[in-house]
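According to TrEMBL, the protein has these features:
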type: ACT_SITE; residues: Tyr66; note: active site, proton donor
type: BINDING; residues: His130; note: substrate binding site
type: DOMAIN; residues: 31-293; note: domain 'NADP-dependent oxidoreductase'
type: SITE; residues: Lys91; note: site 'Lowers pKa of active site Tyr'
Amino acid sequence: MSTPSFTLARTGDKIPAIAFGSGTKHQKKKKGDPVLKDSVDESLVDIIKFALTEGKFTHLDTAEVYTTRIEVGKAIAESGVPRNKLWITDKWNQGWGGRHRSTTPSGPYESLVKGLELMKIDYVDLFLIHAPFFGEDANEVTVEEAWRQMERLVDEGKARNIGVSNFDVPVLQKILAFCKYKPQVNQIEYNPYLQEQSPGIVEFCKRNEILVEAFSPLTPIVPTKVTEGPLDPVLKELESKYGVTNTLLLLRWVYQTGILPITTSTNKERLKDITKVWEFELEPSDVEKISAAGKKFHYRGFFQDYFEKYDQAR
């Protein structure tokens, strides 16, 4: 079965409904290592090629901060898959005040120009601002200046669609108040144990025709994050009912809540298994069962400092 898609409001472009991510475990190989930083990780090139060919993924997700753009470009070139059959998402590393400064502090325009050169492609299908962090210790632009650069990338054909990541409602409202092209996507941490990265964000995005993408959709079954939780017996019951793995159950739950999951693996058999996510459908009552169990437990894996104000109000 072919991969379904979501339709983006402004352009009508069809975005494949699941993505292979080249960050997380892949980027950690390069962090703090000056040798690896400028080299090619052939193991990552190999797994991306496998995802594109045997895994049947047509949507790749990368980012400046992942330092995997070179590998993504090399994998695309060697895969034999035509560029026009792929959807490529990239992100600007805007920095994080007090943690690290942006590697392209002048803004997203410079970031994507460099990214296209590294990936050896002419455009990306989607370009995102990775997080809502602005200020002198992070970068040299305001949110409005950054978004104007994003719109310029659209006008010049370097990015067909633009959006954001990890943005809450107040910052999105700020962009919507002045933008020429509104954000098409907001990529957030989302899974049954974190159904609202920030208050009301999913409903706000859907109301404003902003597609929500989910990173870390498998958190409930990652032992290094959650050792046990209220979802465990529910997933065990549904594994037996549908004859699929807990990975497929969670990815399917994300999709059936109207959100696009981003996942990854270095295990080739697991990647091939993910294609089965389109071979079954959860009954509405089971979607709700997963949602209800997930709401009994809270786990946030990323940007705890930024979202602390919301967690304290829980």
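A Cβ is built for glycine as well, from the same backbone N, Cα and C atoms used for every other residue.
What you see is a predicted model, and the numbers here were worked out from it, not measured in a lab.
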Count the Cβ atoms, other than its own, that fall within 10 Å of the Cβ of His130 (substrate binding site), considering every protein chain shown.
23
About how far apart, in whole Å, are the alpha carbons (Cα) of Tyr66 (active site, proton donor) and His130 (substrate binding site)?
11
Applying a 10 Å Cβ distance cut-off over all chains shown, what neighbour count does Lys91 (site 'Lowers pKa of active site Tyr') have?
27
Can you give me the Cα-Cα distance between the residue listed as 'substrate binding site' and Lys91 (site 'Lowers pKa of active site Tyr') in Å, rounded to a whole number?
5
Looking at the domain 'NADP-dependent oxidoreductase' (31-293) alone, can you tell me the average pLDDT?
93
Tell me the coarse DSSP state (helix, strand, coil) of the residue listed as 'active site, proton donor'.
helix
